[in-house]
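So the structure is just underneath, and the comments pick up after that.
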Amino acid sequence: MSKIKVLVVDDSAIVRKIFTEELSKYPDIEVVGSAPDPFVARDKIVHLKPDVITLDIEMPRMDGLTFLKKLMRHYPLPAIIVSSLTPKGGKLTLEAMDIGAVDAIAKPGSSYSVGDMSGQLVEKIRAASGARVVRKSTQEMFQPGSRLSIRSLAETSNKVIAIGASTGGTEALKNVLSRMPPDSPGILVVQHMPANFTTAFAERLNSLCQIGVKEAADNDSVTPGTALIAPGNYHMILRRSGARYYVQIKMGPMVHHQRPAVDVLFKSTAKYAGANAIGVILTGMGADGAAGLLEMKQMGAGTIAQNEKSCIVYGMPKEAVKIGAVDKIVHLDSIADEIVRMV
């Protein structure tokens with residue numbers, strides 16, 4: 001089996017050394033080179049032909065975003081963004097996702113060890129090596145589809161929509177949520193993403209959608225017309241008190257090497273919302289969410305999976321389909337319509 005060839009692009013010699021040493025421990029990965037800036041990276045990409053690059057977002061001579069735009073236009077290949085755990089880093093990372101990056105990881109630091117980073121980075125590289133890279137124009141803007149409507153707020157106030165995504169999910173979620181009508185049932189979202197990145201992600205979605213979108217806080221009510229995004233590094237659990245749905249935000253052990261984990265949300269939704277829920281699993285690597293979606297279906301919830309053609313990585317939906325957890329397999333552009341039909 002051929003190895004996955006990786007090029008590390010980072011202005012920090014320390015980060016280049018750490019990434020090279022850590023990735024070299026895995027027999028299926030070969031670090032074919034490293035580059036301190038985009039100009040060196042450009043030449044190495046042409047000559048070394050890597051399968052995946054890791055790309056620092058903030059570099060001298062040419063910043064990572066500018067380089068990524070050029071890369072996607074002339075030599076598109078899977079890029080994993082490496083960014084600091086800061087609000088600025090989160091916003092830049094989301095811009096990179098818009099341009100065409102397939103995933104992101106936080107730089108190792110005081111609260112995020114090399115060991116934590118290593119395992120996650122390897123999984124992201126493996127997923128990225130098989131990702132479908134979408135070539136985008138630098139002027140391309142996402143255009144929402146037709147505006148949907150739901151019959152009445154009263155009919156939907158006891159419904160809950162739970163959505164899970166990983167690699168490629170930032171763009172997929174933008175597609176789905178921007179098409180949801182303002183009278184949608186309450187929506188809960190788990191996107192595999194580091195802490196601080198989710199704050200910027202929620203703010204960005206809120207500016208694009210008819211519904212309100214916010215990063216979830218402990219004890220937030222689940223209300224019609226609002227989507228709650230699980231904060232990075234915390235699980236989000238649905239609870240119910242009488243007629244009120246609310247979320248619990250807590251640490252807890254990682255599930256499928258993830259926190260937040262989709263399975264944690266889906267299993268709690270199965271327990272507390274039952275047949276009043278709709279579960280949606282979008283593009284992403286691994287199997288997170290499959291077991292939880294099956295529990296939702298067994299409790300009477302409607303379940304939807306993104307189809308292979310429209311996925312960046314057909315991993316999580318594939319696993320859900322494989323175990324019989326899915327009612328409808330739908331192209332990304334039709335998922336919002338399918339949710340409305342199920343409501």
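In case you wondered, yes, glycine gets a Cβ from its N, Cα and C as well.
According to Swiss-Prot, the domain 'Response regulatory' annotation covers 5-122, on the basis of sequence analysis.
Marked as 4-aspartylphosphate by Swiss-Prot on the basis of sequence analysis: Asp56. Take the CB of Asp56 (4-aspartylphosphate) and look out to 10 A: across all protein chains shown you find 25 other CB atoms.
When pLDDT values are averaged over the domain 'CheB-type methylesterase' (154-343), the model yields 94. According to Swiss-Prot, the feature domain 'CheB-type methylesterase' maps to 154-343.
According to Swiss-Prot, the feature active site maps to Ser166 (among others). Reduced to three states, the DSSP call for Ser166 (active site) is coil.
In the three-state DSSP scheme, His192 (active site) falls into the coil class. Taking all protein chains in view, 28 other C-beta atoms sit within 10 angstroms of the C-beta of His192 (active site). The annotation active site is assigned in Swiss-Prot to His192 (among others).
Look at Swiss-Prot and you will find Asp288 (among others) tagged as active site. Reduced to three states, the DSSP call for Asp288 (active site) is coil. Cβ neighbour count for Asp288 (active site): 29 (other Cβ atoms within 10 Å of its Cβ, all protein chains included).
Between Ser166 (active site) and His192 (active site), the C-alpha separation comes to 5 Å. Residue density at Ser166 (active site): 30 other Cβ atoms are found within 10 A of its Cβ, drawing on all protein chains shown. Of the recorded residues, Asp56 (4-aspartylphosphate) and His192 (active site) place their C-alpha atoms 19 Å from one another.
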